[in-house]
Each structure stands twice: as structure tokens, then as C-alpha cells.
Amino acid sequence: MLTKRFYNLAIMQDISNHTPMIQQYLKIKSQYQDILLFYRMGDFYELFFDDAKKAAELLDITLTARGKSNGESIPMAGVPYHAAEAYIAKIVKKGLSIAICEQTGDPNTSKGPVERQVTRIITPATVSEEAFLDNNQDSILVSIFEKNNKYYLAYTSYTQGKIYLVKTLTSLNELKNTVLKLSPQEIITNSRELAQQNPFKKPIKALEEWYYSNFEAKKYINDSLDTNIANNILNLYKNDQLTTIGSILSYLTNILKDTPRHITDISYEQEQDTLNIDINSRINLELDNNSKSSLLSIIGKCKTSLGSRLLKRYFSNPTRNLNILATRHSIINSLGENQHFLKIQDVLSYISDIERIISRVALGTVKPKDLVALRDSLEQLPILKKLLSEKNTPEITNINNRIHQLDELVTLLDKAIIENPPTTIRDGGVIKEGFDKELDELKSIKDNSYDFLIKFEELQKQKTGISTLKVGYNSVHGYYIELSKQHADKIPTEYVRRQTLKASERYITEELKNFEDKVLSSKEKALAREKLIYDTLLKKVIEYYKQIQETAASIAEIDVLANFAERAIKLKLSQPKFNNLAKLELKEVRHLAIEHNIDEPFIPNDTLLSKDTNTLQIITGPNMGGKSTYMRQVAQLIFLAYIGSFVPASYADICDIDTIYTRIGASDDISSGRSTFMVEMTETAYILNNASAKSLVIMDEIGRGTSTFDGLALAKACAEKFAQIGAFTLFATHYFELTELAKQYPNVCNIHFEAKEYKDNIYFMHKAVTGAAKKSYGIQVAKLAGISQDVLESAKQNLYNLEKKQQLTESTQVQAQFQLEPTTQNPLQQKLDAIDINTITPLEALNILFELKKTLI
């Protein structure tokens, strides 16, 4: 019995009331309730009921009707079979999944509806076709196994052929940050509650329990992976980790309807080797969003899709492994010599996405044009290897050795595939002449048919004496002899009528019929032969799978590093140094995005943070003075250093930083009912609870959104906490009272940004100077913003009155409530606080009361 979950409530559950075709549809749909079913009918994929309504809305196609259900029309929508790919791509990019249901039976022999089966399931993270993918971004499937308030997470970049296991996560916030950093196209989980809440705002589905069975997981690991890899995985990881890995393999098997043999590697991401940045900080620092001002858009100028995706992985997981960073820096320096990277980048620009092409070969979705692109790309490898060998360093040689020069495969593809093949093998015309003798002979029968028909037509004209006689062909009736009806008396007896038209008759002869059978038979045989050759060719190509994947990974690596070398020269970047002295010394630091987008010269600044001198900078100065830019550029520089890039500074000596936290800007989170201040406090609490002496913390204007005294009190308390933790902290504020902290804490210093006034105008110097700011210049900034003159004059008068009043009351009111020195507690209060009323005896209480009375007297 089918539920009403997947079709209109108006439809009766008893499908026997439907036509045989709709009955067939509903039976198939019952197995794919949560995804759209593309049901093949002739030259169209049709959708029915709620699927039709959803597709019509998503694709902007016409919603029609077919037949009745319970007295109401059945909604129907469809897309042409030959154009389906474009429509499917739209659906997948919106985060939905599709089941493709094809006609698998023979219409000529079928009794009732032609047999149909789902031949393929397409989900957002398991597509491999170029039309469905972003060339510059990995297509990622995440699996989350929740157990005992812990989250086990694994993910796969589907076309990369690898599964990555992440450390066990112990909080929802930690899980959310990890998932959003990966930016997956699809999430699967065993937790229905997590799927229902969906804190990630990504396509997510809760799977049946068996997907997360440890027994099933081990079975799929053994079935899917190479024996040695499987044994290693089973011995290396714990049961819950294996369950998570197995859930991905079982899900892929179900989607592919085959074992995912293209998965060849499982690896564990070591957190201690990673610079951690939560999702809010990534957004605040504009690291890798899609805007033109993002750091990625400025740094990322790779020549291949392979390199662009690898660079995004670097952005997702900056490494703290100094050996890896030293290797990258060494290669950047080598490629930068005499701008050798230019020659390499020129070759790289001719290399296609061979990683995804070979994955499509493995998955059975490859197209003939992909094979041509693979051949053309592999032809560039000898040139690339020669260029790399000219830089004979151990680091470059190591990469070069992993680029395989596949001459035999290039020769095979060159001989087999024509230069501009059709989109699919379906209609043939892919295999080059001369590659297969039998195919050539079958094709020659069709190719030589024109000569036969010319001779046959001339012979029939002579035989009948009818000069207007024509020999032709159409796809419905085949070959024919056409004569006008006025020549009916001259028709030879061996002519058999095939078709009657208004002014003519069409005939067939035994000789022409035999020729037709031979030609059509040869065409069918040629197509079958060509498909066999093509399948055999793909089996040969797949033998090179591991070599091509390794080559692709090496090309991606050299592309990223050549890009870094080019960016280093173009953007005047320098190689950073790393120290173990808990010191961060940066000279002439620049903000790349701002520098890129302004016409005037960018003013660089120095930054020094050290455990021995200062870990906390209190930064004051006017709005628009440069405080936020100063802080952001330091964080971006650290980030660039840990992805292996050179950095925008004349000098950079960097200590070990394990996490970057930022609290920059805020807005109301209306959907969650949280105010600006609540958002700010939540983010601040997260930083305070997690920051360590190895953290870099950026705090911009904390304490806004509440009263002045509340804001000042909170800002002071937070600053003191960061000073106590010893985290490297850049703390921008308009509360000038906080500058007094430098007198209390030896690791706190003041930095301010100056501005100059001239004839009622303000000029920002954008230069960081030691010491506290003396003025905020708020009214001058308001003038720059376009506030009218009458309002400005009123503001000046208000400011004068407030400052005058402040001078009179400052020593008694503000200092009494918010003095920076800790208030000395009243001795009487100290005695009262020391009493434990739960443990003292009545006699002791009387004695204490007597002593207190004496104190008061």
C-alpha cells in the first residue's frame, strides 16, 4: 500500500483505480519517495503529481494534466529527453536529487506498459558530468554519525576518489563549523533530529539505520576497497570511525547501483597540523567567499580547474606543518627565478580536468569529447616534465616524478577517436577510420550505397523509359522508387507498391529490398561494433586510473605553487619566517583587497606582538582611521603564511598560531530572534571559552548595542581576560578608558591611528602609532558621511555641553562606577563574606556578632 506522502492527498491509496501506466509509475515512485522521478515516455521525461508541481516551479516549465485520479486531473510536467541534462543540472544545483527511470523493455513485445527501471540516481554530491559541477570547487558529500552526544564525521570529494575522516567532534557548534568549512553539496546522517534541524542550511537527509551499522560498514569497506587498503583501514580505525566511513561507501553503492571502485584512498585529517578558523571568522576576514574583494579572488589565479580546487582545499585547511610550508616556499622561490613559472603556466593552460575525466570513465558517464580532452592534456605532459626538470631541486623533482608520461595511452586515443566526436556514442561516428578493419568494412557498405543508388536509378529509367523516375529513402518506409500516377501503365510487374501519395506512387523491388536490408543491417552492425570498440577502449583507459589520478594531483600542486610564485612577484609578497619564540613581528603589512581596490597608494603598518613585551594591543582612533583594516590585514597575513603563500609585508616572522578568532561587526539574527548585542555576546563567549596562548584574536568595537556603562564594563572585562590568557589580541575600541589597562598589565600596550584637522576638515593618516588616541573625531566623520550642517552645528554644541559636564562630574560619577583599579573591599564586608552560615554553631554566631558590634562602635 502506497502512502500519501509522495503524491496528492486527492489520490486514492488503492492504485488499482489508475491506468496501468500510472500504476507502474506509482510502484516505482514508492521506492524513491523523497526525490524527483524522471519517468521516460518516448522522447520525454515526465513527472507526475507533486513531482510535476515541484518541477514546473523549479524549471519554469508548463504544468499540464494527464488522466484522472479520484475524479481530479493528475498533474504532469515534462522535459525533452535530448535536453534533459540542462534541466537536471538546474535541479541538482538547487540541492535536490533525481531518479532516472528508463524504458528497459521492448515496446514491440510488451503487453501493457513497457518495462521501466530506475537506471541512475543523481544527487548533488554524486554527480560527475561537467554540466552539473563547478569546475573550481570540490563536490563534497559529508556523513555525520551521531552517537552518545558525539559526532563522527567523514567526507568524500566524489570525483577525487578519496574519503577523509575528521576527528571526533564533541559539540554541535564544533560540528557546524567543521561542516560549513567544507561547504558540502550534500549531507547524510543517522540523526533524524539533526536532519530536521539542519543547522548547516545544506541539503541533508537522514538515512535508514542499516547505513550506519558497524557490521554493514565493514562489509562495504571490504567489498569496495583494495584488499590491502581495506585491511589497513579495519586495523587502524575504531568501530565508530569505521561506521562513518562505511556509511559513505554504502550510500555510494546504493546511488551508483554498483561498487564505488574509484574510491582508492582513506585518510585521517590531523587537527594539530591545521590552523583553525571558525565560519564566522572566515566570513569576517573575507577569505573565500564569492566576492571580488575576497582573499581567494586576489590570490587564486590558477590555470587549471585542478589547481583551483586544490587551492580551495588549502584555504579550507591551512597547515601548521613547517616541513610542508618549507617545501612550498622552496618551490615558489625556484619557480620565481627568471619568472620560470610563466612557461609552466602556459603549458598548464592547455590541460583539462583530467581528474574528473578519469572519474567519469570509472563511473560510466564519460563522453567522447572527454577522451579527446584527456588525450590533448596528456600530450602536454612531456613538455611540462621537461620544464620542471630544468629546476632540479629535490622538492620539484618529487612532484615531477609523480607526473606520469602516458605515451601509450596518448597514441591509443589518438588512433581511436576522431578529432571532433559527437556528444555521445549513441549514434556512432566516434571511432576514427582505420582503427578497426571490421568497422570500416561495415561503414563502407553504407558509404558506398550512394553509388549503388545512382546506378540503380539509371538502370530503372532505361528499363521503364520514364525519365522522371526517382529513387529515394525515408526513415518510415525505407528505400523506394517513385513514379507519377500518369505512368501507371508503364509499371513493371516486379514493382511492389509501398506507399501512395497524392500525385505519385512509391514502389519497392526485390533487388532494392535486399539492398535496403544489407545497408540497414550494416548500419546496425556498425553501431554495435563501434559501441563494443568504445567500451573496450574505456576498459583500457581505466587501467591508467591510478596513474592519471596521481598525475592530476601533481599538476594541481604545481599549478597552485606556480600561481603563488606569480602572485608573489605581481603583488610584491615576501617569504615569511617561522619562529618558536612566541613572537609575531610584521613590517609594512598591507591589506591586499583594499590595496587592489583603491587608486591612491596603500599605507602599510608594522605589528609587533610578543609574549615578552605585549600580547594585547588596545587600538583607538577615529572611525575610518584604519583600525579594522589594520587588524584584518594581520589575520589575513597569518592565514596566507599557513597555506604556504608568500605574504603582503616587507618582513614577517611568525610564531605558532593554532587558531584565529574574530569578533567583527554584527547584525540582528532575525530568524533566530537574536539582537545585534546578543549575537555579539554569543560570539565573544565562544572566543573567551576557547582562546589560548597560541590564538590570534581580533576584537572590533565590543560592547556596542547596550548602555555606555554596560558596554565599557564588558569590554574592560573581556580585554583583561585576553591579557590573562596571553592570546595575541588586537582589541579596537572607542572606550578610551581601556587605554589605562596598559598601566596595570605589562603585556598590554596602546596603539592608535592619527588624524589631522585642517580648516574644519579631517584627514586620516592610516598610520598606527604607539600610545592612546586623544580624540575620536566623530563629528568630522559625520560631516564626511553627508550629515547636514545644521545637525553638525547642533552636535558641536551638544559635545561642548557634555564635555563641560564631564569635567565637573568625571572624578565622582564615572570613576566611582568604572574605575580601572579594582575597588578595595570594605573590611566588614570581607568578614561577612568569610562566614559559612551552614557550618557555624549558635555560640560561634553570637561571638561573631559581638566582634562585629565592636568593629562598628
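Here the Cβ of each residue, glycine as well, is placed from N, Cα and C on the backbone.
The ATP binding site feature in Swiss-Prot is assigned to GLY621, PRO622, ASN623, MET624, GLY625, GLY626, LYS627, SER628; the stated evidence is sequence analysis.
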Got a sec? Which of these binding-site residues, GLY621, PRO622, has the most Cβ atoms within 10 Å?
GLY621
Beyond GLY621, PRO622, ASN623, MET624, GLY625, GLY626, LYS627, SER628, what residues of that chain have CB atoms within 8 A of the centre of the ATP site's CB atoms?
PHE753, PHE764
Could you find out if DSSP has MET624 (ATP binding site) as helix, strand or coil?
coil
Who sits close to LYS627 (ATP binding site): which same-chain residues at least 6 apart have their Cβ under 8 Å from its Cβ?
ILE619, THR620, GLY621, ASP700, ALA732, PHE753
